[in-house]
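Here's the structure, in structure tokens; my notes come after.
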Amino acid sequence: MALGALLLILGILGTPLAPGARGSEAEGQLLKKLFSDYDSSVRPAQEVGDRVGVSIGLTLAQLISLNEKDEEMSTKVYLDLEWTDYRLSWDPAEHDGIESLRVTAESVWLPDVVLLNNNDGNFDVALDINVVVSFEGSVRWQPPGLYRSSCSIQVTYFPFDWQNCTMVFSSYSYDSSEVSLKTGPDPDGQERQEIYIHEGTFIENGQWEIIHKPSRLIHLPGDRRGGKEGHREEVIFYLIIRRKPLFYLVNVIAPCILITLLAIFVFYLPPDAGEKMGLSIFALLTLTVFLLLLADKVPETSLAVPIIIKYLMFTMILVTFSVILSVVVLNLHHRSPHTHQMPFWVRQIFIHKLPPYLGLKRPKPERDQLPEPHHSFSPRSGWGRGTDEYFIRKPPCDFLFPKLNRFQPESPAPDLRRFIDGPPRAVGLPQELREVISSISYMARQLQEQEDHDALKEDWQFVAMVVDRLFLWTFIVFTSVGTLVIFLDATYHLPPPEPFP
């Protein structure tokens, strides 16, 4: 029994360890060896004057948003930092072929690279993931980050604009004499000169399109750190993005154009409809609502006025003038000979000369035609039916009082006046017949005055129609030219073909 137990113990001790157990033990021994005398606060420079080279790369995972109001860009990125720490090198042959280790970020020296133009005061990365250490002493750290960086917004051509936003990274604690920055390599090992985007994992933004994404290393003099005059190095990543204007075209610009068309057709609406002022004021209030909605989208700056605000203001000015001119048209339409006398130049310009050029033609007045009487002088009919028809029908006023025109009234015909007012003996008519003729003459004068009054009132209405049509064509020209001038200017505002021309 004792012999069996002894053989079992010897068998267990003689069995080789599993590969995983041996690997874990080897990594543990290697970590203990590397970090026994390691100080993470000491810069990994063999000499005091040596500089530690740190390469910085950036992988863009998502352009989350660009807040024009707060001038802030939100991005989801992966920062790629790589440097050499001579204290973390070993010979793989002496440690079971181990070529890389993964250790916590707090246990090694970090170059203290932060986003300088952050907008929320948070300089740290989103997650302190482990660093990868290779046997040559190369240390690589790829922490993810949700950054909110400041971005100066140029609002002149909003919403047909493009923006140049930057992300500035630098070592916060070391100057260029201690830490040397450079752009990191791309996946092919070449020196990277732009932000890397992985097509398979990148999430496209629905409002912005990335045009260029270069990077640049700059040197800034005059930086005092540690009580001495030094230089600071910064790696700047540029995002040159162009706005996709479809949202504003459909929801803002197209309704504004339709409202402008309503303001134009105000001048095509007849004044008797009674809705000219209501339609104009409705269009003005609608544009005011659009202006208030856009005020929350653009930055509060006095450096420039966005192009869409220019168009809204231009449209509001036109609609305001349409309200004023509608008042003028209504004033002309409701004038009468009792209140206003039409000047000669108004008659010549707006009645005789201007209408043909505006596509207006005044219809000719139609006079009542007296039908030819067909009387039968039979004993049955006699004179009764013919005289009844004659006095029932309205005679033309010019039949009794012929005039050259209605605007220069003349006295009745001299022969008729002598016929009416002449001495009874000369006329030789009975008194009853003379009274009938006098009554007919009075009614003819009243009818003529009413006809002249209506004709002059129709002249004012026709002048109002001509002025309305003149304003219609004027507004069409001004609206078309103004819209083209405002928006054609934006077509020349394109991103540069090269990021650094």
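Counting begins at 1 with the first residue displayed.
Here the Cβ of each residue, glycine as well, is placed from N, Cα and C on the backbone.
The disulfide bond recorded by Swiss-Prot for CYS165 joins it to CYS151 [selected from CYS151, CYS256]. When the topology recorded in Swiss-Prot is consulted, THR104 and GLN431 turn out to be separated by the membrane. Taken together, the residues in the topological domain 'Cytoplasmic' (333-469) have a mean pLDDT of 65 on the 0 to 100 scale. Sequence-distant neighbours of the transmembrane segment (277-295) (same chain, 6+ residues past either end, Cβ-Cβ under 8 Å): 252, 255-256, 259-260, 262-263, 265-266, 269, 306, 308-309, 312-313, 315-316, 319-320, 322-323, 326-327, 330.
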